[in-house]
Amino acid sequence: MASILKFAYKLLFLQTIVTISQLASSLSIGSKKLIDGSTAQEDHRRWPGGTVPYTFSSDSVYTQLQLKEIRDAMEYIEKRSCVRFVLKKATDVDFLVITEPGDDCASEVGRQGGSQKVLLDKKQCLTKGKILHELMHTLGFIHEHSRIDRDQFVEIDWSNIDDDSEMNFKVHNSYLSFYVNETYDYESVMHYDAWAFALDFSLPTIRPLKSNINLENLGKGRRVGFLTNSDIRKLNKYYKC
C-alpha cells in the first residue's frame, strides 16, 4: 500500500503547485507584524464581500465535464462559506482567468488586482483536491506547512529536495492572522503530501513529529478532495462569514 501511495505522490508533484515568483511577490506586499509574531490580515488580498469573478481563457479547451469539475469545486467551497464565485461581468476589474497552461497547477495568493491566472492543466490538475487547493490559494491561503510554527509539527528533509523546489517548503514568517488559534492541520487541503518534490521517493520529504500521525495523512484533503474543518474555519474567519 505504501509503495502505491509513493507512486501516486510522485505523479501528484510532477508540477509546481504555486508559481514561486508569484508567491514571493504576494507575500512581500502589505504584511505587518502583530505583537504575537503572527501578521495582520491583508485586506487588499481579500476578495471584497467574498465575491470572486472568474472567466475561462479563450484558448482553453476544457470539455464540458472538465468545466463541471471546476464549477463543482467552486460550489463545494460556496456551500461551506460565504465565498461566491461568479461569472465575470464587463464591469469587473479584478477577476480570475482559469486557463490550461500545458502542465502546471498554479495560482497567485489572494486578490492581486486586475486579471490573474489560475493554471489548471486538464491532464494533471482537474481532480477535486487539486482544484480546491488552487482556489484556496486565490482566496488568500498559503501552504499549511509554510506556517511560522510548522517546525513544531513537522521535519523537512532538505537533503531529499531539489534546490529548485526548496522555496515550496520555506516558512513565511509574516502572513495572514487567520492561522492564529488554529491547530496545525496535517490533513489540510493546503498541506503537501509526505513525499512532495522528493529526489528519492523511498524517503519522505516531510515527516510529522507526532508519533500518532501517519505519513499517509499528510495532505489528505488535497489528495482525496475535501476541506478539513480547520480549512473551513480559517476560510470563514478570513472572509468574516
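All positions are counted from 1 along the displayed chain.
Cβ atoms are placed via backbone N, Cα and C, with glycine included.
Noted in TrEMBL for the protein shown:
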ACT_SITE  E134  active site
BINDING   H133, H137, H143  Zn(2+) binding site
DOMAIN    37-241  domain 'Peptidase M12A'
SIGNAL    1-26  signal peptide
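If you take every residue in the domain 'Peptidase M12A' (37-241) and average the pLDDT, you get 91. Separating the Cα atoms of H143 (Zn(2+) binding site) and the residue listed as 'active site' is a whole-number distance of 11 Å. Taking each of the recorded positions H133, E134, H137, H143 in turn and counting other Cβ atoms within 10 Å of its Cβ gives the largest count for H133.
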